[in-house]
Amino acid sequence: MGSQDQITTNTLDKPKPSPLLGLSLEELTNWVVERDQPAYRGKQLHDWIYHKGARSLNDISVFSKQWRSSVADFPIGRSLIHFRSQATDGTVKYLLKLADGQIVEAVGIPTDKRLTVCVSTQVGCPMACDFCATGKGGFLRNLAAYEIIDQVLTVQADFQRRVSHIVFMGMGEPLLNTDSVLKAIKSLNQDVGIGQRCMTVSTVGIRDRIRKFAQHQLQVTLAVSLHASNQALRAKLIPSASNYPIQDLLTECREYVQVTGRRVSFEYILLAGVNDLPEQAVELAQLLRGFQCHVNLIPYNPIAEAEYKRPSSRAIQDFTSILTQHQIAVSVRYSRGLDANAACGQLRTTQV
Ligand code: SF4
């Protein structure tokens, strides 16, 4: 091998420094001390990364120029806003460009009292749910913890308001990327300062993953996407469910409640003529009888790639009433920002 080849190979082999976002106060303190700075600089670095919106070490003016240039290779790990779309109800959807050029979606959902961020956990999603735009686009990769935390900081900075709640309901199946999700929850709680009880992790249900997730004894809410009142229909809508009977899923959900003391909510996307019939409401009520839970009914937002339709207001009302008559706690959640392509994955499919 000639010297030219040697140089090229060595350059390619050089590992890229890891982003600092996601490191705890203690880890950042160790990091600055290892680089000849006094320990109190760690607290300053932590403050600038998590609370003052630093996007690069060069932004941190309390550090000397000389030291900043000596660590200039270390990225903080922030994304760029590639596209931003605001709905009339104030919901803002973002397409964020990551360091490798991949795009993920995040959504900021404001009310008077809350600012909720819906975060993605994967680029794309391997679950291929039949009604979902993200699922139609396939799977590219898991997000790292810092790429999840970044979504929250980006929305917080753009709204110039503190984020109060986080829902892990964007692109991807969070329990297929549990390591990053757990790290992100820890950092969003301890470094950004958002209570675990204000976080909801959504899953379509992967065998044994809810059981394992429960062992971490978090105080987050688990939202399980049920979408059907029986196994046969569920397997049609969610391909992976064919190997995971609905009763086994409910057993794991009961274990989650027992181990964590937290309630489980069930998400149910209402698809006209598919899963919104009165007899299916009765079947769902029987399935969940005796389970301390809450059902969120989500009227479907149609997408170009699937033929499902949104039920009529009458059908939604009837379904809700039947669950209530059976003592099931239920609410109807309309996706915010419909006029900005609100449904999961839709913004990405139309803008990239
Ligand atoms: S609904 Fe959720 S789990 Fe299913 S394909 Fe879409 S993003 Fe993935």
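Quick reminder: no glycine exception, Cβ is built from N, Cα and C everywhere.
Whatever TrEMBL says is automated annotation, not expert-curated.
Residues or ranges marked as active site, proton acceptor by TrEMBL: E105. If you look up TrEMBL, you'll see C344 marked as active site, S-methylcysteine intermediate. For C125, C129, C132, the entry in TrEMBL reads [4Fe-4S] cluster binding site. The S-adenosyl-L-methionine binding site annotation in TrEMBL covers G172, E173, S202, S225, L226, H227, N301. Residues or ranges marked as domain 'Radical SAM core' in TrEMBL: 111-339.
DSSP classifies S202 (S-adenosyl-L-methionine binding site) as strand under the three-state reduction. Here the Cβ of S202 (S-adenosyl-L-methionine binding site) has 22 other Cβ atoms within 10 Å, regardless of which shown protein chain they belong to. Listed in sequence order, the recorded positions among E105, C129, E173 whose CB lies under 6 angstroms from an atom of ligand 1 come out as C129, E173.
For the binding-site residues shown (S225, N301), fewest C-beta neighbours within 10 angstroms: N301. Within 10 Å of C125 ([4Fe-4S] cluster binding site), as judged by C-alpha distances, the recorded positions found are G172, E173; the full candidate list was E105, G172, E173, S202, H227, N301.
Within the same chain, residues at least six positions away from E173 (S-adenosyl-L-methionine binding site) with a Cβ under 8 Å of its Cβ are T121, Q122, C125, P126, M127, T203, V204, I206. The 10 Å shell around the Cβ of L226 (S-adenosyl-L-methionine binding site) contains 28 further Cβ atoms across the protein chains shown. On a Cα basis, N301 (S-adenosyl-L-methionine binding site) lies 17 Å away from E105 (active site, proton acceptor). A C-beta separation below 8 Å, combined with a sequence spacing of at least six in one chain, links C129 ([4Fe-4S] cluster binding site) to G135, V204, S225, H227, L237, I238, P239. Distance between Cα atoms for N301 (S-adenosyl-L-methionine binding site) and C132 ([4Fe-4S] cluster binding site): 10 Å, as a whole number.
Cα-Cα distance from G172 (S-adenosyl-L-methionine binding site) to C132 ([4Fe-4S] cluster binding site): 11 Å (rounded to the nearest whole number). Put simply, the two farthest-apart Cα atoms among G172, E173, S202, S225, L226, H227, N301, the recorded binders of S-adenosyl-L-methionine, are 19 Å from each other.
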